[in-house]
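Below is one structure; the comments refer to it alone.
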């Protein structure tokens, strides 16, 4: 019996131990087991690839498992999400009340899985998404840099150097002639507006040379014969570089090193120094917005100032807003505000460009707009959240897309006639300019060239421009004022270059309903472009 009793005691002990290992113990037993269980979160779960990566950072085996890139998360300043469950679970035994601990027992693997699954998803998403920005950033950088590397230089792009972009120019050859004569090839016209006016006279001489060269190229590219075109371009290039060296020797500074040579050696030197011998330049990013179209409203309107009051009054008849919008259109309130403001502007402009009147009209109109905004239960304009105050006015002023009221004005350069330029001139546009002789030139270009096939329009317009300049400096010399003294220069490329820089560089092109503009200008035979000689837009 004694042996049987001892055996029964051993079996009872084993049964109790087995029941305790299966979670059937008391709350006290749970408090003893939970810390050990949470200590193993991350590797005590059944083996699976995702869970094998979720080792705590401070685990002794964490450095021996998982892919090599997983280790990068350990050196990041923010604590990893994988370590967070461990820190929270270590505090649970001390922080949880007793009644929480004696609740219904949970399976031992339920809590680790719930804690681990979120921590597995986020690191994987972060680590899969992290390389993407690096991959994206590695490609756009060269493109964004190249887009502006040949564009107009200024101090914001690293200061002025010893030469302008594209100088010296490449020598014309059969390899680059087509690129030289490409209609859409862009180049910078240099002058006081984009060159330093002190201590950099060598850049001014380079800019004048490039301007002179482009004028000659424009003339040569009109030759129908490829051979004649190439010979013409070569002569223009050689003359331009010879003129440059003459200008270099006319000052007391050290001349360009190629100018110290003579004849063919000088030309070969310039050719070897050319940074872009094939003239394959990227198009420079334009800061001039295209003429807007569609139902885009210029809202909020810019605050009237002494600087934009002329545009507000003198260009008011060219500003147009869409009509007949549906009554439910969300732009209706903005459209109504613009119409009311234009009506008030008309009253103020009749008082002699009254700035105080326009500013008060602007403020009152936007206050009424905000009143209508709050009359409906929709999203209200951000600025209307402010009460009527200078803060609200400043908010609207900052968000005005066209603070100068120049949405429908595009400044064009008639110095270089291209197919794209003719596309603007032959459309339903109005040209405004200070110079009284420009309307006649634009009229001739559009009336005689817009009916031709598109590829021939630019060539025709360039010939009309040269003819018109010769006429202005010839029989009609005394009927207009020439403040730049262009007609005193030698006829040809030098004279044309002077016109391009001083008279044709900035011409305002206005888009809109020009039929309502009364008593202004004339209309060409194509019915496309209206001409107006006025001092309203700013050209300089």
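One-based numbering along the chain as shown.
Just so you know, glycine gets a Cβ as well, placed from its N, Cα and C.
Per Swiss-Prot, these features apply:
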SIGNAL    1-19  signal peptide
REGION    41-85  region 'Disordered'
COMPBIAS  71-85  compositional bias 'Polar residues'
REGION    120-175  region 'Disordered'
COMPBIAS  146-156  compositional bias 'Polar residues'
REGION    150-405  region '2 X approximate repeats'
REPEAT    150-279  repeat '1'
REPEAT    283-405  repeat '2'
CARBOHYD  354  N-linked glycosylation site
CARBOHYD  444  N-linked glycosylation site
REGION    515-540  region 'Disordered'
COMPBIAS  528-540  compositional bias 'Low complexity'
CARBOHYD  530  N-linked glycosylation site
Inter-residue Cα distance where the pair is residue 354 (N-linked glycosylation site) and residue 444 (N-linked glycosylation site), in Å: 38
Per-region confidence, the repeat '1' (150-279) (mean pLDDT, whole number): 83
Secondary structure composition of the repeat '1' (150-279) [DSSP: H/G/I, E/B, coil]: 66 helix, 0 strand, 64 coil
